[in-house]
Amino acid sequence: MKAWILLLVLTRCSWGLISADNTFSDRTIGEFRELLINTKDGALFAGSEGAIFRLWAYNINDTGENVFSKKQLILSETEESECCSTASDEKLCRPSTRFLAFTNNKDSIYVCSSVGMRPEIRVLDSISLQDQQEPRTEIGICVVDPTFNSTAVVVDNGNPEDASSVYSGIRTGMGGENHLIYRPPLTKNGKQLHASIRTIYSDNKWLNEPQFVGSFDVGQHVLFFFREIAHDNSFGERIIHSRVARVCKKDIGGRNVLRQVWTSFVKARLNCSVSANFPFYFDHIQSVKRVDKHGETFFYATFSTSETAFTSSAICMFQLSSINHLLDTGLLMEETANGQFAVTADEIPAHRPGTCSSNSHSISDTDLHFAKTHLLVSDSISGGTPILPLRDHVYTQILVDQLNNQNVIFAFDSSQQKMWKISHWKEGNEWKWNLIETQTLKTSGFRINDVALLPGEFFFATSKAGVHQFSVARCQELPSCALCSMDPYCSWNAVNSKCALKTKTNEKSVGWISSSWAGRISPECSAVEKLQVKDVYLGDGFKIQGARGGTWQKDGRDLEESQRHVATSQGELVILNVDVEDAGTYECTRNGVILMRARVVVHENCARPTSVAEYRSCQREWCKKADAYKAALNIWSDSNKKNVQCKANGPSINGL
């Protein structure tokens, strides 16, 4: 129950609306989909319906020949006609990218596209986008239907015979009824070295209608993240769990048992939940990003609840060391007619399921029979304390920027075009987070399809309208030192009282303030930030500058909204029809941190005029002041003319 209460009392998010710095579009092609970025070269690759583009990440609208390339995806009229005659939806016949990845040390781009409902593989030069080999049709790499959740990763090293290959989590069959983790036949110099290998799609203990969200090449393994049906409850409802599965790169299947089937496949549940007597689980993994930092590998993943009236989302982080430890040592589940139970440690054979072997053909049939039926680890992998649990939104995508003392998370709700920027850092043995800002992205009202990040500079989003480029920070819009120093990309100019983008030059310069602590306001702000003083009169209306996502307090107590006290979407506080009781100190806080402070002084004895006589009296006073101003202006004008005349009659420049 406590978990539900926590979700219900979450701080309300106020949304700013930001336009893209640049938007790239091409009227000759359809919807933009996949993004792939080379941060070293500043090259952004965008896949779409009809073409693949190479853009310059610092300005995606620059189409100069040195930074821009385009590869057209072509479908002949005959092929299109044949496809449309059998397709359930003609849109599926259009040539469209489904998967982009680097290969050959990023000198090449591996592309899988759906062309006339055929999965077509291309390998392109990463600069010119010219074909480096003949396009070919290959099933099992990417899906025809873009609504199917699939994943793939190119693995150039560590495979048998060091042959480059692709690992995919995919659906195959006419209706996509076969769910499998697959590696195509390994070839080298045109010769097949090993046959393809996969999971058993006819046995749902391996994969039960999985929805794949990500896959990663990690050491001697490949990891797959997905959600799947765990079981049906007593009401006949399908219970979904999020999983991570692992296979060994060297796996070539068994000799007799598990022939051309993974011998190393093992999986475990991912636990992203709010701790309580009855934990509240976020069971639907939506997206995942890898972060390698300080010798450790982390996976940041977004999760949601089931699609109910109380849909909620959160972000959890998993450590590779924790994943491997559980998969290597955890008790394994066995399924019987009476249900599932964990086998004891002494029942696990010497060759434990999930263990990598230099030659999987040498594993005994007995061990493989055990591995075939013991695929799931009984315990779950903890994702720690959920980051920014929030109601009424689904975090569909995530990006992570690695800074020295923190990671900056960008979470997105694709259908509502929302973005959250969050600071995440470790303090001692505890991980902490802080919400920096929330924004609505202007993508012409279209759903966000994919996102990518140029660290410290821009993030990118694709939609039906094009590719949109956004700065990671809008420092110039932050009105206070507190807000400015909290943003890791910004620095406060104490002399001009303005916020600007942090640079190596101003980061340590005198007069510039930026927080050296992750997610915290710089203590120097208290010395330079002035308390706003508002002099108001009875009956007035005015506003106090605040911060998005903040809550207001007056004299240390929470201020409730009313007809006279209104908080705007920008976080400002508007007070109407001022009363004596409105005098006091107002503070805008977020996560317990004071962002803005103002003192309101109400002048009781100088009320606005309420009668005609009082208005006429005020008018006479203003007329007197206006006459005095005009007289002073005339005196200044006469003096200025005399000064000009003196200069004109004085010595010339040549005479000086």
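Positions of Cβ are set from backbone N, Cα and C atoms, glycine also.
Record features (Swiss-Prot):
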- CYS83-CYS93: disulfide bond (DISULFID)
- CYS248-CYS356: disulfide bond (DISULFID)
- CYS272-CYS316: disulfide bond (DISULFID)
- CYS475-CYS490: disulfide bond (DISULFID)
- CYS484-CYS499: disulfide bond (DISULFID)
- 21-472: domain 'Sema' (DOMAIN)
- 474-523: domain 'PSI' (DOMAIN)
- 518-604: domain 'Ig-like' (DOMAIN)
- ASN61: N-linked glycosylation site (CARBOHYD)
- ASN149: N-linked glycosylation site (CARBOHYD)
- ASN271: N-linked glycosylation site (CARBOHYD)
- 1-20: signal peptide (SIGNAL)
### Summary
CA pair CYS272 (disulfide bond) / ASN149 (N-linked glycosylation site), Å rounded to integer, equals 21
### Summary
Taking only the CA atoms, the spacing between CYS93 (disulfide bond) and CYS248 (disulfide bond), expressed in whole angstrom, is 36
### Message
Measuring Cα to Cα, how many Å separate CYS499 (disulfide bond) from CYS356 (disulfide bond)?
### Response
53
### Query
Taking DSSP states H, G and I as helix and E and B as strand, how many residues of the domain 'Ig-like' (518-604) are helix, strand and coil?
7 helix, 39 strand, 41 coil
### Message
Spatial neighbours of CYS475 (disulfide bond) among the recorded positions CYS248, ASN271, CYS316, CYS484, defined as Cα within 10 A: which are they?
### Response
CYS484
### Task
Out of ASN61, ASN149, CYS248, CYS316, CYS484, point to the one nearest CYS490 (disulfide bond) in space (Cα versus Cα); all of them are recorded positions in the record.
CYS484
### Task
Give the residue from the disulfide-bonded residues CYS93, CYS272, CYS356, CYS475, CYS499 that has the most other Cβ atoms within 10 Å of its Cβ, counting over every protein chain displayed.
CYS272
### Query
Same-chain residues six or more away whose CB lies under 8 A from the CB of CYS316 (disulfide bond)?
LEU270, CYS272, PHE282, TYR300, ALA301, PHE303, GLY383, GLY384, PRO386, ILE387
### Message
At a 10 A cut-off on CB-CB distances, which of the glycosylation sites ASN61, ASN149, ASN271 has the highest count?
### Response
ASN271
### From recorded positions CYS83, CYS248, ASN271, CYS356, CYS484, the one whose Cα lies nearest ASN61 (N-linked glycosylation site)
CYS484
### Task
List only the single closest residue to CYS83 (disulfide bond), chosen from the recorded positions CYS248, ASN271, CYS356, CYS484 by CA-CA distance.
CYS248
### Message
Cβ atoms within 10 Å, counted per site: which of CYS83, CYS248, CYS484, CYS490 has the most, among these disulfide-bonded residues?
### Response
CYS484
### Message
In whole Å, how far does the CA atom of ASN149 (N-linked glycosylation site) lie from that of ASN271 (N-linked glycosylation site)?
### Response
21
